[in-house]
Amino acid sequence: MTYKIAVLPGDGIGKEIVDQAVRVLTALKLDIALEEAPVGGAAYDQLGHPLPPSTLELAKNSNAILFGAVGDWKYDSLPREHRPEQAILGLRKNMGLFANLRPAILYPQLANASSLKPEVVSGLDILIVRELTGDIYFGTPRGVRTAEDGAFKGEQEGFDTMRYAETEVRRIARIAFEAARKRNGKLCSVDKANVLETSQFWRDIMIDVSKQYPDVALTHMYVDNAAMQLVRAPKEFDVIVTGNLFGDILSDEAAMLTGSIGMLPSASLNASNQGLYEPSHGSAPDIAGKNIANPLATILSAAMLLRYSLNESAAADKIEEAVRQVLAQGLRTADIYEEGTEKVSTSQMGDAVLKALS
Ligand SMILES: NC(=O)c1ccc[n+]([C@@H]2O[C@H](COP(=O)([O-])OP(=O)(O)OC[C@H]3O[C@@H](n4cnc5c(N)ncnc54)[C@H](O)[C@@H]3O)[C@@H](O)[C@H]2O)c1
Ligand SMILES: CC(C)[C@H](C(=O)O)[C@@H](O)C(=O)O
Ligand SMILES: [Mg+2]
């Protein structure tokens, strides 16, 4: 069976980094068909919408999606529904991609690129499981209105709604417990149950689901403390499970522990194992078009694509091994460069991964 992969490069550095991942996927000579479509600001410019119906259709009819990044400051004044970020949110929601896996692994060669002391981060291998289709990101009502009560009655106010249904919490809990079971058996659920009703509800469900996983040690942590513990002693964590908003923030923090956000891949999965694979970083408009972005997060996302949506774990292993090799050879894009290593461009990094694969 030929696997169909939708390739959505998007904006900013999106095209530069996705190009390299596509070269890598193509070099593996698997039975895959790649089809590209516009998304984000690029799609808005071409077709008047950040997630045109044709792009959504292609994504829905594919086994997997390889996604670059969307967004640029120049679209910030558009109405919200036309902003590039709506494309990724729309894909997640429309395809039910509720389970976001964001591993943060420190490659030994990058111990000095991390902003933390090598002894604090060396050997780091944690997994953040972020719920991706609920929470304050999608909760309604939301908007701007005239306040009807409180100290600021009569003033304009902005408001959003944080909410989680039981099904949403149960299904992400199961993903996280299963992941922890396959790793070191430790799951930390991050919430703000000391203040938020939604979080207390989340915590109660986590405890209930944990009864089916007696082999996994479940702990709970408030998000402010988790943010601190991630920089104090990140290796204490194994799997972290958290909601959409907290997961967004903590995964950027965890990414930096690994040296650069340019190293962190991600997978977003739905119930039928369709997946969207993207680097955890954004479109980096500040470095776009210069051929200096790190393509490794996207290349590693392609490896996750092969593993989770195409069941091609041998090919995924090959890509990950090739990445380890190029790092061992001392090749570094600017974001992970340090003295004594060799600075390479985006495409040169792609060349090196291809060479290591052959
Ligand atoms: N999933 C996505 O598409 C996604 C994710 C995050 C942000 N965004 C969007 O991207 C735009 C820029 O957001 P931001 O600046 O807050 O975050 P960002 O992740 O784009 O950039 C943050 C910093 O990290 C650097 N960086 C990011 N990726 C890199 C890479 N591969 N190699 C080297 N350096 C890299 C950037 O140069 C920048 O200094 C915004 O419009 C935002 O909404 C999109
Ligand atoms: C671009 C934005 C909508 C997105 C998010 O907040 O989920 C990004 O920050 C991410 O982490 O994928
Ligand atoms: Mg984010």
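Positions of Cβ are set from backbone N, Cα and C atoms, glycine also.
Feature annotations, reproduced from TrEMBL:
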type	residues	note
BINDING	Arg92, Arg102, Arg130, Asp224	substrate binding site
BINDING	Asp224, Asp248, Asp252	Mg(2+) binding site
BINDING	Gly282, Ser283, Ala284, Pro285, Asp286, Ile287, Ala288, Gly289, Lys290, Asn291, Ile292, Ala293, Asn294	NAD(+) binding site
DOMAIN	4-353	domain 'Isopropylmalate dehydrogenase-like'
SITE	Tyr137	site 'Important for catalysis'
SITE	Lys192	site 'Important for catalysis'
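Features recorded in TrEMBL, as mapped to the structure shown.
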residue	record	contacts (Cβ under 8 Å, 6+ apart)
Arg130	substrate binding site	Asn100, Leu101, Arg102, Thr242, Gly243, Asn244, Gly247, Asp248, Leu250, Ser251
Asp224	substrate binding site	Lys192
Asp252	Mg(2+) binding site	Ile261, Ser280
Gly282	NAD(+) binding site	Gly12, Ala69, Val70, Gly71
Ala284	NAD(+) binding site	Gly12, Ile13, Ala69, Ala293
Asp286	NAD(+) binding site	none
Lys290	NAD(+) binding site	none
Ile292	NAD(+) binding site	Thr333, Ala334, Ser345, Thr346
Asn294	NAD(+) binding site	Ile17, Ser260, Gly262, Met263, Thr333, Ala334, Asp335, Ile336, Thr346, Met349
Entries of Asp224, Asp248, Asp252 (binding-site residues) sitting next to ligand 2, with Cβ under 6 Å as the cut-off: Asp248
Per-region confidence, the domain 'Isopropylmalate dehydrogenase-like' (4-353) (mean pLDDT, whole number): 96
In three-state DSSP terms, the structure that Arg102 (substrate binding site) belongs to: strand
Cα-Cα distance maximum in Å, computed over every pair in Arg92, Arg102, Arg130, Asp224 that the record assigns to substrate: 26
Which same-chain residues, if any, lie at least 6 apart from Ala288 (NAD(+) binding site) yet have Cβ under 8 Å of it: Asp11, Gly12, Ile13, Glu16
Filtered binding-site residues, from Asp248, Ala284, Ala288, Ile292, whose Cβ is under 6 Å from an atom of ligand 3: Asp248
Under 8 Å by Cβ from Tyr137 (site 'Important for catalysis'), same chain, sequence gap 6 or more: Leu89, Asn244, Leu245
Mg(2+) site shell beyond Asp224, Asp248, Asp252, criterion: Cβ within 8 Å of Cβ centroid: Val223, Ala227, Leu245, Phe246, Gly247, Ile249, Leu250, Ser251, Glu253
Recorded NAD(+) site residues Gly282, Ser283, Ala284, Pro285, Asp286, Ile287, Ala288, Gly289, Lys290, Asn291, Ile292, Ala293, Asn294, farthest C-alpha pair in Å: 16
Annotated binding-site residues Arg92, Ala284, Lys290, Ile292, filtered by Cβ under 6 Å to ligand 1: Ala284
Three-state secondary structure, Asp248 (Mg(2+) binding site) (per DSSP): helix
Position of peak Cβ density within 10 Å, selected from the recorded positions Arg92, Arg102, Lys192: Arg102
Structural state of Lys192 (site 'Important for catalysis'), classified by DSSP into three states: coil
Three-state secondary structure, Arg130 (substrate binding site) (per DSSP): strand
